[in-house]
Amino acid sequence: MDNSDFFYALNITSIREKNIKGKGIKIAVIDSGANSFDGKLFIKGGYNCIGKNNDYHDDDGHGTSVASIISSVNYGVATESDVYSVKVDLSLANEIVINQVVEGVKWCIDNKMDIVNMSFGFPGYESDELEAICLEAKKNGIILVCAAGNTSINAYLPIPARYDSTISISNIDKSNAISKTSSYSFGIDFCCYGEKVAALDKNGESVVVSGTSFSSAMATGIIALLRQQNQDITCREMYEILKENCIDLGDRGKDLYYGYGLIQAIIVPITYKKEYELILEDIPKNIYFPQVKLQVQESDQVNSNIAFLPNEMGYVKFFVTDSSIATVSEQGIVTGRKVGTTNLIAIYNNKAAVCEVDVVTSDNNNPPPDIPTTNLFNLKELNVYKMHDSGIKGKGIKIAYLGYGCISTDKINVSKYVDVTKEKSNFVDSNGYGTIYTSLVSGKLTGVAPECEMYVIKESIDYSARSYANCQNAVKWCIDNNIDIINFDNGIQDTVADSLLKQCYDANIICVTNGGGWAIGPQHKSIYSITVNYVTPDKKFISGDENKTPFSGSFVDCVSYGYGVTCVNSKNEYDVYEIGTNPNKIFLCDVAVMQVMGLLALLKQQNPEINNAVKVRAILPKLCEPLYGGKNDNTGYGLLKAGIFQ
């Protein structure tokens, strides 16, 4: 048992043959503690942030394993580095341990560490104190290396990995494939090996470990090898050296899974980009608008879609030069007040971006008189009317609704009706909801994508009864018939959900999943499906009821409206779907799912390459109106809206 294959692939073996083994580099491991073992692993010193003393004994083993991958005799990368243990209580995962980590980073600054490894994260938490002390450490020349997390989903990275002051590392296996458990996000900086890595446990025995905790430990060791060669390299310069010399994996350039690529041990070049050069390069990359002019109607709203490099959230201040013409919210939502032109300005990191705002006369899309006119708000709020006016109505996109069936009506465009149940019916709605759902996608007047090819796949014979076999057969029919977008049903058996989702992904099908149900299942957490929750017409999230829906978690991708929308009911009448129509919140999430499916059809019509959930998720930050301050466990990236794809 050893790590020789990993070391060879990372060029560590070659570098160490040149007697570069991290000598003189001080590395702090903030973790559960770390234990020394004669002839195996030596911890030079440390601090206990729990007991406020120097007892950093590791009762858990996690910290010892991390330290052993960094510097142990048999399994370590930088075997001659000086490792220090900073002990915190990671079992808490709350504000108490975050405060301990803050104290630990302060200790690292005071004791002049070169590198700090933090193989942990706190999803769902924010801490101004932790962010500030990490930035202070970076200003003091300390390189902070963090684990990206092991959620196996596209997640808004946990702190501290999310901070600009840290380097976040994802996890790959020996074949250079992203680990099934590794978190992924635009915030990933680099990847490293972390699957089945040899390490020491708390008793000094050999053990095999996996996770981003250990890929980040290996990356820490590599950075120590580079820093030994030139201790004058700044944190920003080191980052650029790593970026320029890593092995690009996955999509070209930086991507969700591998960041810039697989980190490598190298001989540090004599000439490299200096700090002052990199600062100049960063200036135009900090902030920009994707358009030079923004058009908004009087009394209407539009998202200014500010963008960043790297593609992460930031603290931006917005203002307009003439607030009588338009106003802007803290989130960058522009509201037209009167016809005219003004400038929208965004400030970030002392850099500014300017976009002209042109407020035009309101163009009311008046619906036919038999539709409840006050309740087509969703088509306006989601920018659907604007897309329709541009001729984008989902034409050529094949959408399948898997559920209760629907009635035959001239108010809804349906290309084909398929019954996979024993009834073999023709245009039957089991409980009235199928017609409502279908009308939200392809209704001629109520649908988001009225010109899509709508396929209604009936898999349920009454209100709720649906067999696993019917649900599986419905998905397989969609795969066999080259459907583009489907609602991946909660009736799919957990044991086969992962397999079916992967098959859909391979068949270029975008799967959209209801954010509710009776229990969180594989379809909610899968990278191969978009999980949708609902919000009220005034964009409020209502937490789960006794049915435990909608669910909350980092797996939630976006939201749409759950009620108050106009639809066609099973009596072939225009109606408004209200919150009291059914008490089970899962049905409100279904309403949101159907609108999202229609919006994705408008997107895919413009760019057919957007053909799976992974690609959709990558652009959600640009398409969604953020709610509650940005990406969160309740509303994901926010309210999905239609837009001209760029």
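Think of each number as a place in line: the chain as shown, counted from 1.
Placement of Cβ uses the backbone N, Cα and C atoms for every residue, glycine included.
According to TrEMBL, the protein carries these features:
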- 22-261: domain 'Peptidase S8/S53' (DOMAIN)
- Asp31: active site, charge relay system (ACT_SITE)
- His62: active site, charge relay system (ACT_SITE)
- Ser213: active site, charge relay system (ACT_SITE)
- 291-355: domain 'BIG2' (DOMAIN)
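This view paints the features noted in TrEMBL onto the structure.
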residue : record                           : DSSP (3 states)
Asp31   : active site, charge relay system : strand
His62   : active site, charge relay system : helix
Ser213  : active site, charge relay system : helix
From the Cα of Asp31 (active site, charge relay system) across to the Cα of His62 (active site, charge relay system), what is the distance in angstrom? 7
Return the residues near Asp31 (active site, charge relay system), defined as same-chain residues 6+ apart in sequence whose C-beta is under 8 angstroms from its C-beta, sorted by sequence, else 'none'. Asp58, His62, Gly63, Val66, Ala67, Ser85, Val86, Lys87, Val88, Leu90, Asn117, Met118, Ser119, Phe120
Tell me, roughly as an integer, the mean pLDDT over the domain 'Peptidase S8/S53' (22-261). 93
Out of His62, Ser213, which of the active-site residues has the smallest number of neighbouring Cβ atoms within 10 Å? His62
